[in-house]
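J.: The feature active site is assigned by TrEMBL to Cys293, His352, Asp375. Residues or ranges marked as Ca(2+) binding site by TrEMBL: Asn415, Asp417, Glu463, Glu468. Sequence annotations record features per position, and here TrEMBL assigns compositional bias 'Polar residues' to 483-508. According to TrEMBL, the feature domain 'Transglutaminase-like' maps to 285-378. For 483-512, the entry in TrEMBL reads region 'Disordered'. Look at TrEMBL and you will find 1-25 tagged as signal peptide.
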Amino acid sequence: MNRIGSCSTIPLSCCLITGLEVALTDLQSSWNNVYHHTEDMSVDHLLVRRGQAFNITLYFRNRGFQPVVDNIIFVVETGPLPDPAKGTRAVFNLGHHGGPHSWIALPETQGDTSLEVSLCAPPSAAVGRYLLKLHINSFQGSITAYKLGEFILLFNPWCPGDAVYMDSEPQRQEYIVNDYGFIYQGNKNWIRPCPWNYGQFEENIIDICLELLDKSLHFQIDPGTDCALRGSPVYISRVVCAMINSNDDNGVLNGNWTENYLDGTNPAEWTGSVAILKQWHATGCQPVCYGQCWVFAAVMCTVMRCLGIPTRVITNFDSGHDTDGNLIIDEYYDHTGRILANKKKDTVWNFHVWNECWMARSDLPPGYGGWQVLDATPQETSNGLYCCGPASVRAIKEGEVGLNYDTPFVFAMVNADCMSWLVYGGKEQKLHQDTTSVGHFISTKSVQSDGRDDITDNYKYKEGSPEERLVFQKALLKLKASRSQGALQDESQPSRALSQSSPRSLDTPSLRPGDVIQVSLKFQLLDPPNMGQDINFVLLALNMSPQFKDLKVNLSAQSLLHDGSPLPPFWQDTAFITLPPAEERTYTCQIPYAQYSQYLSTDKLIRISALGEEKSSPEKILANKIITLIYPGITINVLGAAVMKQPLSIQVIFSNPLSEPVEDCVLTLEGSGLFKKQQRILIGVLKPHHKATITLKTVPFKSGPRQIQANLRSNKFKDIKGYSNVFVEFAL
């Protein structure tokens, strides 16, 4: 306790009662933190949640508290410019009940020279670091002031009056307390869980999260107003969203989609948020290199859960990136079936990852609270900054694209139509418009299990249903109306470039050319696409007409980045297929490992395409398939019972899946409550198909359910993953 003021000399005429003096303050951090679900953050520093009481004990030097004689006044302040008018400074008397937006101090138990006091912040108070002061107004009119200490105030999903209140305890445990999870990657035909260590309760993470708020442009420009607005989860979520990327400021992560990561870490190698946030802090808040969508979303999940806002990570497979706001994703192909780099920058990402945060939306019409989309990946600006959301998930499903924030962009990610064009001889020929190719298997980790929840129905009605098409047309009409007005009516809606739509972009869905000439093309894998092995597949051609069909089919294969950007083709073939009436033929293909290995991107994606034409028809038939190459996983065995503060042996088994040696192998392991920091083990060279085993020891320092995350990288691959769940018993 720091003494701020001192008592005045007491006149002899004032009886024998001396002024009340505080000798010591016990903030009861350990007990309060347990009661406020913050004990995993700290037991030494006070961290409490708004709308929920916490107790402190005052110990007096000379006598006990006398309510008739002593007037105790508490003062709380946050931010560099505390101001009662802005709610960042509050003065409140012991025993006086204020309104619903007031701080409260009530006496609890009184000893001979002590007093236990219950303090409670209003459920709308600004979150952040607070200074707690106390003034004692003695009977003779003198005032003694004390600085009692600091505490951190967080959002409270356990409090019904808080805007982030969540009424399900299992959901609160999953979306606030759980410090590990899965981020789904791969493609819609092969969805794989990627383990992640969120680590929101690890040492110093809360301090880094508060530092992140103070480094935002909002705080730098107007710290007083910024701190005052920190009671709003809508405001906080937009600030954090902009700070996770570094496009406008010294945010946490630099994005990189170039495949050149020599001056940083390949995004595929990360297995947790803690190392990223601590590196950002340790380097004076310099952006960490590098991140892509799942890394941005995972780090944002850590920060939001740490601050007390229920948050989960969402993966959308075949995610649209509509740059011109017409709800159409244009894709261009040449005559060989090769997908071309898009001149409009519209793309369909193989998968895209964002966050959902739970909050009330008093700024929207009733019914649009609950889960809100926040996307920290820097794609488009919103009110001048690279952030996206919060966009109401219900508004997205209902096509209410005029509601804040960035709802049109998110709507397109899950429900845009896709238009395919053939570029030939300087002209563009429309191949077909697909109304179902965007937004599949929208996924998140299940509550309190390792399963995957498909939440696609939260975002849109069933593809092809009348409701889905009506919502799409409703959204399109709203965007056309806003385009004709030059801007959305709501001034706070971000200004996205809505280009003048060509007639083609608003066409109703057309028949596929295959429906016209009654031929279909489809790819089918013959074997699992294991890394290091040849890829074997067939092209299935089906004649649905009563006439013979002579087809010429151009086939190609090219690597893709997960954001849909194509790399140059590395394999091409031409097939001539004669189809008898109502019959099917197959054309067998093989892409040798030696041919694709040198062209493979980190994302391990290969797109095979077929562009067919029938000599009696000008129509073209397009078929394509995305293949994600499969690596063997890492096996992690926990040897013996896991008990807090007792040594634990962990066995890790991994192998080189390739028929060639790999170099520069590094194994990393981490796990909140199990390792104090990320473990890096230099392996060196692994011989072809060689299996290796290592055993290491650690001492768990937190009890309960835990997870170990592992990654193996080399000069040939970057992200062989593995995980193991561990339950750590409490040490008596």
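Residue numbering: from 1, along the chain as shown.
Glycine is no exception: its Cβ is also placed from the backbone N, Cα and C atoms.
Remember, predicted model here, so these are calculated numbers, not experimental data.
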J.: Looking only at the domain 'Transglutaminase-like' (285-378), how are its residues distributed among DSSP helix, strand and coil?
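T.: Residue counts for the domain 'Transglutaminase-like' (285-378) by secondary structure: 15 helix, 40 strand, 39 coil.
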J.: When you put His352 (active site) at the centre and draw a 10 Å sphere around its Cα, which of the binding-site residues Asp417, Glu463, Glu468 have their Cα inside it?
T.: none
J.: Determine the mean pLDDT over the domain 'Transglutaminase-like' (285-378), rounding to the nearest whole number.
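T.: Average per-residue pLDDT within the domain 'Transglutaminase-like' (285-378): 93.
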J.: To see if you understand the setup: which same-chain residues, six or more apart in sequence, place their Cβ under 8 Å from that of Glu463 (Ca(2+) binding site)?
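T.: Set apart from Glu463 (Ca(2+) binding site) by at least 6 residues yet with Cβ under 8 Å, we have Thr435, Thr436.
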J.: Other than Asn415, Asp417, Glu463, Glu468 themselves, what residues in this chain have Cβ atoms within 8 Å of the centroid of the Ca(2+) site's Cβ atoms?
T.: Ala416, Thr435, Thr436, Val438, Gly439, Lys460, Gly464, Arg469, Phe472
J.: Within its own chain, what residues at least 6 apart in sequence put their Cβ under 8 Å from the Cβ of Asn415 (Ca(2+) binding site), listed in sequence order?
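T.: Looking at Cβ-Cβ distances below 8 Å from Asn415 (Ca(2+) binding site), excluding near sequence neighbours, one finds Gly320, Leu327, Ile396, Val438, Gly439, Tyr459, Lys460, Glu468, Val471, Phe472, Ala475.
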J.: Near the Cβ of Asp375 (active site), how many other Cβ atoms are there if near means within 10 Å?
T.: 30
J.: Taking the Cβ of Cys293 (active site) as centre, how many other Cβ atoms lie within 10 Å?
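T.: For Cys293 (active site), the count of other Cβ atoms within 10 Å is 27.
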J.: Provide, as an integer number of angstrom, the distance between the C-alpha atoms of Asp417 (Ca(2+) binding site) and Asp375 (active site).
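T.: With the alpha carbons as reference points, the distance is 21 Å.
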J.: I need the CA-to-CA distance for Cys293 (active site) versus Asp375 (active site), whole Å please.
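T.: Distance between the two Cα atoms comes out at 8 Å.
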